[in-house]
Amino acid sequence: MTTNDEPQTETSSGPLSTLLKSFSIIEYLYDVDGATAKDIAAAFDLPMSTAYLYLNTLVSAGYVVKDGSTFSLGLQFLQLGSGIRNRMGVYTAAKGHLRGVAEKSEELVELQVEENGKGVIVMREESERAIDDNTFVGQRENLHTSAVGKAILAHLSEERVLEIVEEHGLVPQTTQTITDEEELFEELEKIRERGVAYSEEESVLGVRGVGAPIISDEGDVKGAVSISGPTNRITDERLQNDLQRLVLEVTNIIELEIRHYH
């Protein structure tokens, strides 16, 4: 039995179902890069009139735009996403520093945070010769597949890591990705001991990297920064010396800025 004070979980009908359907349509429009009302009706088993009602409501709200018969996502999402990112203390502390790290390392530099058990790229900087790994700001990734993600995981509680593993699994990104829970926890312990995480072709074959966490005064992990590049350029010596030093330096600077200014 539920009371009036308890959250309602029934989603088969009513306003909550309508809201969830709207989000599903938004995600569908993103995946297919635009669709007609007929496409939406077919994809969601809706009458045409209902499909138009959903789409026109989203157009009125500014989240969808219509060009002829095609409906696509609007730039309202860019405004919201940029606004949210600009309010993040870890982003505002990091944004003035990652470009310099990319130039010094001549590689790809990323800032990620954890949200709902996934790593979210909130900033990336490329040098002229950086690899193109097809990632983008806003992209979500499994945390166990990368140096930056493992740096975050290593500084979450064991209980939280187990929750993430249970919810998202240890899906392999490449043949080198850690897929065993015991192996993952052993790796996280090593990361805590040495202060950095390494990725050995676990996210993209032919790419390795080093990542370090950003820790608050309270001991909470606010995110992590990584430097990554092709295996033919990133030797063991370069990974464990120059690049490791750079990533530790910048995360220390970010931590100081968060402490004093955010």
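A Cβ is built for glycine as well, from the same backbone N, Cα and C atoms used for every other residue.
Taken from TrEMBL as is:
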DOMAIN    16-75  domain 'HTH iclR-type'
DOMAIN    76-260  domain 'IclR-ED'
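Residue counts for the domain 'HTH iclR-type' (16-75) under DSSP, helix first, then strand, then coil, are 39 helix, 10 strand, 11 coil. Across the domain 'HTH iclR-type' (16-75), the prediction's mean pLDDT works out to 95.
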